[in-house]
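As annotated in TrEMBL:
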DOMAIN    A:56-135  domain 'Cytochrome c'
BINDING   A:69, A:72, A:73  heme c 1 binding site
DOMAIN    A:150-228  domain 'Cytochrome c'
BINDING   A:163, A:166, A:167  heme c 2 binding site
TRANSMEM  A:248-267  transmembrane segment
């Protein structure tokens, strides 16, 4: 086995390859295999139109896949007890999962967390092309939908209806069941936001192009980026978490200052 | 108290010399007899303690709320008529919303200083309720609610509830997504009330939820009825503060018949008057640098969307938390009617909690049977059972309060929300008992420590080697002023049951005796002169003996 | 106010202070051997009392603070004009509010801290003592009050003329009743809330459409793992839009048919694994919109009720008691999803007359 990771994490992958360790991953595999089914079937709606993959990148991707992914996802993407099948997930899913560092998975957890990305952009692309070359699936979005220059008002409305209940109206994230969570959306690249909507990673539902058209997705990205990049008019946003953060801040900072001042006022002067 | 300070500066009629001030004072007095007011209140004494200012924080933040709120009324439109937003905030341009929401956005984005005023109003509201809460805790734990102040405790309690009502009605006015979902929850709760719920909801919303009436109705309550009631009860509250005179902590020279402190003119007026500006200044500081309720993120109310982290402002949190902690399936159909115990249990529990807290002074007065006036405050440790009851109540409240943010606790501490909720269910049910027990033990331990210090002095840190080779730490006696603080408290013993005139023991007697036993069976009496002398005598003896042996 | 030196020597625990009236101390222990109050401790002078230099410094600090406050007020007025709000420029909004706020903060804290410092450091700080009097009136006052009531009773005959008294009480009780009745007008007449709560806009053949645009949804659009936020196609522009939307919102999901547990009676309510459930929580009515596509759980963000979509949206956690009502759906000739009928039970939170 050879490592392609630029920031190797000692022992992790070896650990995962050990047959003993894989026992602990069976439960996780079961959890994820449900998602695999979903990913597979969602692919039927969107065909992979990208044909920019050269034979060379596909071959490089295959090597990377065999070395880093095949243990769980199978030598032919067929999946195993440890990981779902990747047939038909498309390049978008690979770009999202690997490009945000969620894959390769490091440890058993309710859901795969964002981590430092383990591969170069070229390597991620190669992996994506390889997976897409096996079976068609949703592909990496085109740049015209990622420019964040759509209709922010419409995007914000679509975001509130389709996304805000999990990710919070300000994109600050929120809780799901059993320790899962919808991550915060600040600092996420437009293409990853797009891919997440398209592929429905982990427990996020799929928003295929019949539900939210590419133009809709562009508007949503526009609204998110507007919110992220515009000045917070009221001052420090306190995490944009709503009344809980405000109440806590009032009790700790506001009341703290006031009580300190009452002590000063009533303390006898020297 | 401080309401009367405003009229005072120009009224010193004692000035014999002429000049404008004297003339103006004379003019006023001949028409208002205000010199009598100055004579009565000008040198009224207020005791000094930081915790005595918490009620003032509440009063001052209410004044700030009135000032900023009046400004907001000039721009806010309490109408649910549909308009298309056409203001400065791009991500809402062209969106259909109510005039209430659109005018709130205009205040925020198109009126100079408007957002500042909105944030002042909202931060002041949060501070208002918080300072009332802290003030109530001070009153409770120091026993300031005892005779003759029981009724003022009830008035204060009504103010606390009115403040929450003010807060909630204000929170609902912008008609944004957050407040709309809050109203939806209120609607759902009301509908769960047996017999009348459906109709109360129907009348409140002027038809089906959300209707087009609710914002206007809440606005009337928010700016007319509730503030009038708050003002009325504040006035009553302050009248009683004047009638009773302020309580004071025990200390040398402070008795049940006097008040030791500073006179209103000039020291107290300077401090309390200055404190108003300080409270106002801190609120403006918060409003300048920290966002509160960014309604533009939430967008207009629409029944379909909702945001993760949908919560009420902090003071309604305990009620929201109570709703969250109920386990599933507590709803039954009985006699062909729906009984929503998942709503009735939290409503009942909160109602009971509030009523118990409100009538606590009467319960304690009944248990002790003490009919004397109490103007000297208890140190919390010296009323161990009361302090422990308070700690139990606070734990219950805190558990419910934390439950209102169960989802945010889960995401920020990487826990499961189910785990957080189960843990908080435990806190709310078992926590009060644990808190009661621990607090009572701590109080009794502190009382014992005080007693030790009074009898044997404090540990000086000086180690002495006795001739026999034994090492002891020298204890220094405390001076009489410090000692007075530690011994001057009331102490009650459990009630003995005695038959009444007809030779019977009534149920009430039994209950009172049981409660009395619960309150006072662990009592630790303050050291008496005799005990202190005896202990000193003993120590002198030891000292003489040891010095004798040194020879 | 009086500079007091006598009352400081009262007994502590023995203190029973309502001079003329022996008031019960209840179960309080009154000890005759209690420690005596040593009286007020000697007055301690401040540095500003003894050191004229320090007093001067304090004086300077106070008026500097007042000057600072003055500057703050002027700054706030200047900021109001110097930092106007430029439409659609959020930075200008921020700067305007921030600088006005900074000026006001300075102005207020300057006055406040200055005044308190003045009071603490420079004003005379000898302790003053007020004497308390029992809250109850004096015996004479009380006797006179009783007398007045007696006289009034005599003169009016309130106690004697019992019929006058009782009819007055009765009429006083009755007179607010019209006001209670008047409040019926808060809600429109001729409408029955129970009837309204029991029905929604959905009827046989109504197409399922996307929220908020109202474009209809084809069954083939709904891929496995998808979730659609749905309204009736005829909702946009309809009368009482928000009220109808409150009841009619629906969540549309597609599961693998083998994951779906279906009662025999509801087998034909779904289509190809596509199911539609009311989006209104059966607890207190929040939108239950958080769908987890792998666990098939629906979560309400307000009070954390959880529903299992794979099993008739049954409650699996949280305060809700009833499953979400299911909307029976079918597909029309053009392939669009349509409702078979209205919901078969009232949606949303429970209410008394629900059954």
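Cβ atoms are placed via backbone N, Cα and C, with glycine included.
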In Å, rounded, how far does the Cα of residue A:166 (heme c 2 binding site) sit from the Cα of residue A:72 (heme c 1 binding site)?
29
Is it possible to list how many residues within the domain 'Cytochrome c' (A:56-135) are helical, extended or coil according to DSSP?
41 helix, 2 strand, 37 coil
Which ones in the same chain are close to residue A:73 (heme c 1 binding site), with CB under 8 Å and 6+ residues apart in sequence?
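The answer is A:65, A:79, A:80, A:83, A:84, A:85, A:86.
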Out of the binding-site residues A:73, A:163, A:166, which are near chain C, with a C-beta less than 8 A away from one of its C-betas?
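Going by the Cβ criterion (under 8 Å to chain C), the qualifying binding-site residues are A:166.
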What is the interatomic distance between the Cα atoms of residue A:167 (heme c 2 binding site) and residue A:69 (heme c 1 binding site), given in whole Å?
29
With a CB cutoff of 8 A to chain B, go through the binding-site residues A:69, A:73, A:163, A:166 and name the hits, or write none.
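Going by the Cβ criterion (under 8 Å to chain B), the qualifying binding-site residues are A:166.
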Which Cβ among the binding-site residues (A:69, A:163) has the fewest C-beta neighbours inside 10 Å?
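Minimum Cβ neighbour count within 10 Å, taken over the binding-site residues A:69, A:163, occurs at A:69.
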Is it possible to get the count of other C-beta atoms within 10 angstroms of the C-beta of residue A:166 (heme c 2 binding site)?
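Result for residue A:166 (heme c 2 binding site): 26 other Cβ atoms within 10 Å.
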Pop the Cα-Cα gap between residue A:163 (heme c 2 binding site) and residue A:69 (heme c 1 binding site) into the table, whole Å please.
30
So what's the average pLDDT for the domain 'Cytochrome c' (A:150-228)?
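Residues in the domain 'Cytochrome c' (A:150-228) carry a mean pLDDT of 93 in this prediction.
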Determine, from DSSP, whether residue A:163 (heme c 2 binding site) sits in helix, strand or coil.
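Going by the DSSP assignment, residue A:163 (heme c 2 binding site) belongs to neither helix nor strand, so it counts as coil.
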Other residues near the heme c 1 site, CB within 8 A of the CB centroid of A:69, A:72, A:73?
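Residues close to the heme c 1 site, other than A:69, A:72, A:73: A:65, A:68, A:70, A:71, A:74, A:79, A:80, A:82, A:83, A:86, A:103, A:104.
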